[in-house]
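These notes are about the structure you will find just below.
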Amino acid sequence: FLSKSMNETNHSRVTEFVLLGLSGSQELQPFLLFIFSLLYLAILLGNFLIILTVTSDSRLHTPMYFLLANLSFIDICVASFATPKMIADFLVERKTISFEACLAQIFFVHLFTGSEMVILVSMAYDRYVAICKPLHYMTIMSRCVCVTLVLISWCVGFIHTTSQLAFTVNLPFCGPDQVDSFFCDLPLVTKLACTDTYVISLLIVADSGFLSLSSFLLLVVSYTVILITVRNRSSASMAKARSTLTAHITVVTLFFGPCIFIYVWPFSGYSVDKVLAVFYTIFTPILNPVIYTLRNKEMKAAMAKLKSRYLKSGQVSAVIRNVLFLEIK
């Protein structure tokens with residue numbers, strides 16, 4: 001009974017954590033506030049534009065674009081679990097987060113990143129079927145299969161984040177409360193526990209490492225088979241496939257590079273972890289729309305059609321005038 005009472009006391013001592021943020025320099029805070037506000041706005045606009053374009057153009061109602069729209073939605077989620085909090089923290093000197101909110105950030109970051117890994121594998125499978133089995137493409141990649149792949153991605157993400165959170169919920173936090181990052185990253189939070197976390201840290205790395213490496217290896221195998229198939233064919237459709245594959249492989253590299261470095265190589269310094277955390281929470285979600293639209297003629301044509309439909313001559317200026325009128329008022 002005494003041991004249980006002491007354990008409960010230890011849990012109740014730390015009710016919030018202090019986030020050290022990206023930089024301790026107060027002079028940099030306004031600059032960082034401006035930059036990351038622009039980046040976050042660009043993430044929202046770019047990914048929402050892809051979702052709107054795919055849903056509004058019937059020519060894009062195909063498995064590849066269905067999965068791309070879901071990837072854009074997850075990218076919005078990945079950018080939103082911590083970025084608004086980080087932007088708000090630029091306005092205050094002491095950056096704190098409650099214990100419950102900290103656990104919520106840990107839950108959502110692993111939910112969204114775990115789901116994104118499976119979505120990327122699904123997109124690779126879609127390209128494999130389209131290029132290696134083109135005659136059976138619509139039969140294999142039916143609407144039911146596409147929806148199932150998306151549901152599986154969220155289920156894998158949920159299972160992954162639940163297993164990760166299980167390592168943290170019951171840890172006793174009774175002393176150190178400073179997290180050297182702009183959000184509650186699981187490896188950094190576990191180091192603050194008032195107990196030996198060596199075994200738990202290994203389990204966390206093994207869990208995340210298994211998901212990251214297994215997904216990455218599946219992607220490598222899939223794209224290797226696809227590239228060999230494309231190389232042995234020289235038709236015009238294969239030239240289009242090469243362009244699409246370049247975009248996919250670029251996105252996979254940008255996403256898995258930081259994740260594998262952080263969790264599979266857990267001995268990197270905190271400053272390196274900060275840079276990589278910014279990369280996969282900010283820059284990857286903002287680069288995905290750019291990569292997929294710049295190299296995709298169908299997306300650019302659909303966006304041009306969307307622009308001509310909703311942004312007709314005179315409408316933009318009217319909207320701007322209304323916004324300016326409301327601001328002045």
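Going from the start of the chain as shown, residues are counted 1 onward.
Yeah, the Cβs are placed from backbone N, Cα and C, and that goes for glycine too.
Note that TrEMBL annotation is computational and uncurated.
Summarising the annotation, TrEMBL assigns domain 'G-protein coupled receptors family 1 profile' to 46-292.
The transmembrane segment annotation in TrEMBL covers 31-52 (among others).
Among the features that TrEMBL reports, transmembrane segment is placed at 64-83 (among others).
As annotated by TrEMBL, transmembrane segment applies to 103-125 (among others). Through the fold, the transmembrane segment (103-125) approaches residues 64, 67-68, 70-71, 74-75, 77-78, 81-82, 85, 97, 149-150, 152-154, 156-161, 164-165, 168-169, 183-186, 189, 208, 211-212, 215, 218-219, 222-223, 226, 248, 251-252, 255-256, 259, 280-281 of its own chain, all at least 6 residues removed from its boundaries and within a Cβ separation under 8 Å.
What TrEMBL records for 137-159 (among others) is transmembrane segment.
Residues or ranges marked as transmembrane segment by TrEMBL: 198-225 (among others).
The transmembrane segment feature in TrEMBL is assigned to 245-265 (among others).
Remote same-chain partners of the transmembrane segment (277-294), defined as residues 6 or more beyond its termini with a Cβ less than 8 Å from a stretch Cβ, comprise 22, 36, 39-40, 42-43, 46-47, 49-50, 68, 71-72, 75-76, 78-79, 81-83, 109, 113, 181-183, 185, 247, 250-251, 254-255, 258-259, 262, 300, 303. For 277-294 (among others), the entry in TrEMBL reads transmembrane segment.
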